[in-house]
Amino acid sequence: MKFFLATLFASAVSSIAVDRLIPGAQIIPESDTRALLRVGGHHDKYHDRRTITIRPSRNDTDDVSRDFLWGIKHANHGGRLLLKKGEKYVIGRKLDLTFLDDIEVQLDGELKFTDDVSYWQENNFYYDFQKSITFWRWGGKDIKIFGTGLLNGNGQRWYNEFAGQEILDPDNEYYRPILFLTENATRISVEGITQLNSPCWTNFFIQSKDVSFDDVYIHAFSTNKSALPKNSDGFDSLNVDGLTVTNTRVDVGDDCFSPKPNTTNIFVQNLLCNNTHGVSMGSIGQYPGVMDIIEHAYIENVTLLNGQNGARLKAWAGQDVGYGRINNITYKNIRIENTDAPVVLDQCYFDIEAAECAQYPSQVNVTNILFENISGTSSGKNGKVVADLVCSPNAVCSDIQLKNINLTSPAGSPPEIICEGVQGDIGVECQASAD
């Protein structure tokens, strides 16, 4: 009798599990190593988990966002969603993934968003900070995304239609989605994947803790020379404690790495930035009456090629802006080549006339900054100037040190370092701005 009841119960459980499946999906138990091997879900590096697969898209308009959400829910609490190598998964509907707890997503295929501009501009997650929107948002705790696959923002149409516009124009209403966004996430890691052609920022982390990226390639390019990617930053953050980026390449045409207000405990190592606006702290101090901070950052072994800026600190000035501090930042072992402004403190951000900046200077203090072992060449665009550190008269700039700086300019020698308004000895000879 007991055997009969046990068999009946097992049969019922099996039936329930099968009934829960959607067409094309599969649930593989953690113990079924052979089945995991067949689908590419067994790894030496990671422990086996209950693994979920879903059907791929048949073409670029076959939206599997409902299947994807089903897979995420069934992989939650200790499982893994596997997106298979050689397959494409098209997402055409916004997704709220802020309920996650102990989940892995193995991205070996391509996860691609539709370029239905009218849909996405009406259906998205909106954030007041710089009028940001996103296709989806990830949140919860203990979230791992890894693999060799592609997260594709399908940005070309967005680039074409945004050409000639500016994200920070108060009249701008052409909002473009961020490719990957976390909100209220704790311990989220991304490893090994490629992120391609985000319509706007590539990554934005909000109100999150312990975010890490390792061995990721971020690329944004356009097939239309008159409509290049804009604002396709590699990394942005807001109210984040613990942000780590290692062994990563970024080629996007805008900021390579640019934590924004209230980001603390930052670690960057072995980062390659090509065709970017540099590794920036900020911008901060944008919003009236609001205090922003960026604090405790260690940036080392970074290569910056063919860019607008190298190592940059940036803060807003103007009539209606905020205040704050950039504190305890180290840039060490930085190689810079063919870059307009290799080292720069910009306290007249954003796109502000010199007269207005002088009338309404930045109120962001810049303290305890170390630039050490900085080498390479500027592009010569700014003449012989290779470092420009001009502090706002309404801010405190102190304990700023330059050590072992070996930067040259094709415009001639000796290279020039500008410093103005900085308290104390900065460690190298410098001169006042000619402006």
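Using N, Cα and C of the backbone, Cβ positions are placed for all residues, glycine too.
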Cross-link partner of CYS397 (disulfide, per Swiss-Prot) out of CYS391, CYS419: CYS391
Swiss-Prot annotation, disulfide partner of CYS256 among CYS200, CYS273: CYS273
For the repeat 'PbH1 5' (326-347), mean pLDDT (0 to 100): 99
Sparsest Cβ surroundings (other CB atoms within 10 Å) among the disulfide-bonded residues CYS256, CYS273, CYS391, CYS397: CYS391
Secondary structure composition of the repeat 'PbH1 1' (208-239) [DSSP: H/G/I, E/B, coil]: 0 helix, 14 strand, 18 coil
Beyond the flanks of the repeat 'PbH1 5' (326-347) by 6 or more, those residues with Cβ under 8 Å of it: 278-279, 281-282, 284, 293-315, 317, 357, 361-362, 364-379, 381-382, 385-392, 395, 397, 402, 405, 407
Integer Cα-Cα distance in angstrom, CYS273 (disulfide bond) to CYS391 (disulfide bond): 26
DSSP three-state assignment for CYS256 (disulfide bond): coil
